[in-house]
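**Q** One structure is given below, represented as structure tokens, and several questions about it will come after.
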């Protein structure tokens, strides 16, 4: 069973509907004792990094998520939820993240290297380029287009966490992962067959982990 973390800033309806289409059982809760019943967690998110971390800290969900990951259980961050996995964001000068993956989150500058300006946010369909096509999250997934909506982008020197990238005037980390910590910058639940395949694979990884733990 999957658990969707409800902290007031997630695209809960669309994620829930996607899991229903895949016939995965799930719960939606903000209570750690309820979420503890799940086998894998999804951290959705839309909006401000600063506001999201404030809520997670105030509700005790930050500590719960870190303990969950330390126990080796799977976590998938979506959109803002992926960005929260990293160390910090420059939003509101500096906001500390969950620090589960190395890197920081900065705003798209809106100015290309040739001096031309471009639109922020990065919004719409864009092509994936796989860095680690054999990763279980990308098994049998088409290297196709997915749906992005974001004004901030992850910067990391840790190439090992980049499972797939996209390009919007610069390299955009699109799928990240290290061990049981995974994330997508785009919305898989809004990304047609490619996105649904990734969600299906995440569910399969969770299921496999349950069997491995006995």
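The backbone N, Cα and C atoms fix where each Cβ goes, and this holds for glycine too.
So Swiss-Prot says this about it:
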DOMAIN    1-212  domain 'Glutamine amidotransferase type-1'
ACT_SITE  79  active site, nucleophile
ACT_SITE  187  active site
ACT_SITE  189  active site
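Tell me what's around each of these sites.
**A** Confidence over the domain 'Glutamine amidotransferase type-1' (1-212), given as mean pLDDT on the 0 to 100 scale, stands at 96.
In the three-state DSSP scheme, residue 79 (active site, nucleophile) is classed as coil.
Counting only same-chain residues at least 6 apart in sequence, those with a Cβ under 8 Å from the Cβ of residue 187 (active site) are 11, 14, 78, 79, 146, 147, 148, 149, 195.
The Cβ of residue 189 (active site) has 25 neighbouring Cβ atoms from other residues within 10 Å, across all protein chains displayed.
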**Q** What three-state secondary structure does DSSP assign to residue 187 (active site)?
**A** coil
